[in-house]
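In what follows, a structure is listed as structure tokens, so that the remarks can point back to it.
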């Protein structure tokens, strides 16, 4: 696949995912686990056919080796899903999850004994400050608790309690995800990289665990099928089911720099769209916090330096060609 197509599909595909995810969450804040189960099932089905060759191909890494990775992956997804059901608005959810670099750095220092340069600490400080500002400001305007799609007549203190619990879920998920990355790195050093196989088994193994969430899945499946049909469809298909189908747009490969840059820009564009289209509350302090997060991310990932490195050889080559011509 060409780079422009890859960038386009990542940028617009992921943005459309965020849009339809927010449509789903606004319709039913507790639908996250149903979305995750469907995602796990479809990816496992695809992997069973094309990666495992219908079970005939043995894994390069033992299933036992995947178990710890799978447990962390499953818990992270469930916690992030429950955050939507705990009064966490989509913009704050996106900003908070953009702070994964903080968790990665903390885990790297504690577990891998890594040492970071001053610019890394400055960038992480900016990200931390940005997330803190957005969290504090959002805490002053917590949305009402919604159960089964119905706004509850709860007090501000109750709403704030559930919001705090949502923030706790996002924080725990952030650090578990960082620990998962370190474990995955260790696993790959021992057995080599097998991304497609890892994708398959990390989505296949947790499927039985969703039985623990059976009542939740059943409840929100029924709610999805009972949702109002979209007016422009005309076939009586529930609107939630239509939105549901758009969430699973799978993107493809690019260089690490391109991926980092595109994902950073995509997150920012998704945030802007969420604020403007869905009229999510966003103050001047939110903008300051958001800019701190994204500027800090760009500094941490060294995008400016890498762009210079990529363009420098080209300039040198052009100069060399001119010299030969003369």
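Any Cβ shown, glycine's included, is placed from N, Cα and C.
Positions annotated as transmembrane segment by TrEMBL: 31-51 (among others). Residues 21, 24-25, 57, 77-78, 80-82, 84-85, 196-197, 199-201, 203-204, 206-207, 210, 213, 216-217, 220-221, 223-224, 240, 244, 247-248 of the same chain, all 6+ positions outside the transmembrane segment (31-51), place their C-beta atoms under 8 angstroms from a C-beta of that stretch.
Here TrEMBL flags 63-82 (among others) as transmembrane segment.
What TrEMBL records for 94-112 (among others) is transmembrane segment. Remote same-chain partners of the transmembrane segment (94-112), defined as residues 6 or more beyond its termini with a Cβ less than 8 Å from a stretch Cβ, comprise 18, 80, 88, 120, 123-124, 127-128, 130-131, 134-135, 167, 170-171, 174-175, 177-179, 181-182, 267, 270-271, 274, 289-290, 293-294, 296-297, 300.
Annotation source TrEMBL lists transmembrane segment at 121-140 (among others).
Look at TrEMBL and you will find 160-178 (among others) tagged as transmembrane segment.
Positions annotated as transmembrane segment by TrEMBL: 198-217 (among others).
The annotation transmembrane segment is assigned in TrEMBL to 229-250 (among others).
Taken from TrEMBL, the feature transmembrane segment covers 257-278 (among others).
The feature transmembrane segment is assigned by TrEMBL to 284-301 (among others). Listed by sequence, the residues of this chain that lie at least six past the ends of the transmembrane segment (284-301) yet keep a Cβ under 8 A from its Cβ atoms are 91, 95, 98-99, 101, 119-120, 122-127, 129-134, 137-138, 260, 264, 267-268, 271.
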Inquiry  = Are there residues at least six beyond either end of the transmembrane segment (121-140) with Cβ under 8 Å to its Cβ atoms? List them, or say none.
reply    = 89, 91-92, 95-96, 98-99, 101-102, 105, 160, 163-164, 167, 283, 285-286, 288-297, 299-300
